[in-house]
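As written in TrEMBL, here are the features:
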{"type": "TRANSMEM", "residues": "B:27-47", "note": "transmembrane segment"}
{"type": "DOMAIN", "residues": "B:27-187", "note": "domain 'Cytochrome c assembly protein'"}
{"type": "TRANSMEM", "residues": "B:67-87", "note": "transmembrane segment"}
{"type": "TRANSMEM", "residues": "B:94-112", "note": "transmembrane segment"}
{"type": "TRANSMEM", "residues": "B:132-152", "note": "transmembrane segment"}
{"type": "TRANSMEM", "residues": "B:164-183", "note": "transmembrane segment"}
{"type": "TRANSMEM", "residues": "B:203-227", "note": "transmembrane segment"}
Amino acid sequence: MHWNSFAEFLAMGNHAVYVWGSVGVMAVLMIAEPMLLVRGRKTLVARLKRQLRAEQHESVANRSTSNTHRSQA
Amino acid sequence: MTDRVINWYKYASPQTFYPLAGKLIPWFWALAALFGIAGLTIGFLIAPTDAQQGEGYRIIFLHVPASWLSMFIYLVMAFWAGIGLAFNIRLSGMMASALAPTGALFAFLSLWTGALWGKPMWGTWWVWDARLTSELILLFLYIGFIALQAAIDDPRRADKAGAILALVGVVNIPIIYFSVKWWNTLHQGASVSLTKAPSMAAMMLWGMLLCALACWMYSIAIALMRVRTIMLERERHTDWVRALLSGNGHDTSRHP
Amino acid sequence: MLRAVIGRDLRLAMRRQADIVAAMFFFIIVVSLFPLGVGPEPDQLRRMAPGVLWVAALLATMLSLPRLFADDHRDGTLEQLTLAPQPLGVIVLGKVIAHWLVAGLPLVVLAPVLGIQFDLSSDALLVLTVSLLIGTPALSGIGAIGAALTLGVRGGGVLLSLLVLPLYIPVLIFGAGAVDATLSGLGPQAHLSLLGALALGGVFFAPWPTAAALRVALE
């Protein structure tokens, strides 16, 4: 271990702003990217399912019960 | 031999690639986390202080991997784009589109960490150093690629137009880098260069390599995630997506 | 065939001279704005002149690029040209040359006059003119790729500049660098020969990706 104390680690030899500024932004963006992807994917799947249900609803009217069941799963 | 060809084409079809990518994603995340923890531990906890740059040099463990990846991803993107254009494989075009935003992200991070490194080392946020300038231009190229694909509604045309742009970009990158370097040597009075890095301790090198590997695995995981979303969107009228959405809905929602 | 394409494009351009004149005045106005923005000190202006004139030339070229293929696309000529027996790349080369004659050459002619506003010596004016003469064909060639890629795409004009301007950077560096080198006493030869290489590449290689992009746009 290179550091003697946690405070020293945080201070980064008076370069704390620069080092932690880099680490912080990089961490935020690299966490935000997958989160945005997951969210985008969820909305897409929901939208596609809705469209699919609407189509199926048009063609076969009596399937609506099983579809509601599916959307909850 | 023929078997192999058939196999290759089999995995190039979105229908087979989609579940395969879904299975691979957690592994790449695990590898990214593993390499990331190891690299950051070495870089931020174990590696010794740099004699000239003090503790501020630790930004190198983020800056260099981000720069490497930003360049590497452009090459990979152009490779997939070229394959897609030459052999008319849909998956290749989708891979190229999936990689672009992550490449742009790394280009931005490279500039950001470069600026934060430059301030304590050179006393200024930005120098028109050949590498920083080329990185900025690389970011412009990524943005051009993304903007072009976003502006074209037909995905097939977007893929092909993007592929041509990416290939033109790849041919141009060495020319741009050379010209910027030329320009830089003529104009720069003080020599502030990233090339003359002080002889690096083995520990530092290891930290950097591990962090770069982590970023690489991250990029693969992200690209696979994004390509899956692109596939769903583009193939939404095909039978396999319909089956996926209506049949085993849990399979699609289970995985990011 | 090449001559026929050039002749046709020039005739069409003559029918809308207002566009050519507008692009030329854009060039003049942009260049004239800089002294108003930074002040009239001759030393400073002289140092800025190569960059200002070259950047203005890049921007002025951008103005005329969207029309390079748009008119032919609209009236269906472009589709006929793709069916012609000649390779599409050759036809594109003809259009690039015509574009340079209409959009690039006027800049070359105007540049020395505008250079005088910036107190450039006659040596520097000569090099500036030569550098533009060599460099502007590259601008037309590289620009054609962007024009073909954004053909019929929404927001085409802005997108075009986003795609093409980064690719113009080497031309800008060597073009403005040639004048800079003259001003600082170094010879401009090295810059000019590199610029010449870029121009050759731009004019003779760029038509092929442009042709590919046109085929994609017409699918």
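A Cβ is built for glycine as well, from the same backbone N, Cα and C atoms used for every other residue.
In this chain, the transmembrane segment (B:132-152) lies apart from the transmembrane segment (B:203-227): fewer than three C-beta pairs between them fall below 8 angstroms, excluding pairs fewer than 6 positions apart. Contact count against the transmembrane segment (B:94-112) (Cβ pairs under 8 Å) is highest for B:203-227, out of B:27-47, B:164-183, B:203-227. If you look at the transmembrane segment (B:164-183) against the transmembrane segment (B:203-227), you find fewer than three C-beta pairs under 8 angstroms, all six or more positions apart, and that falls short of contact. Counting only same-chain residues 6+ beyond the ends of the transmembrane segment (B:27-47), those with a CB under 8 A from a CB of the stretch are 58, 60-61, 201, 203-204, 206-215, 217-218, 220-221, 224. Listed by sequence, the residues of this chain that lie at least six past the ends of the transmembrane segment (B:67-87) yet keep a Cβ under 8 A from its Cβ atoms are 93, 95-96, 99-100, 102-104, 106-107, 109-110, 114, 131, 135, 138-139, 141-142, 145, 159-160, 162-164, 166-167, 169-170, 173, 212, 215-216, 219. Per-residue pLDDT, averaged across the domain 'Cytochrome c assembly protein' (B:27-187), gives 89.
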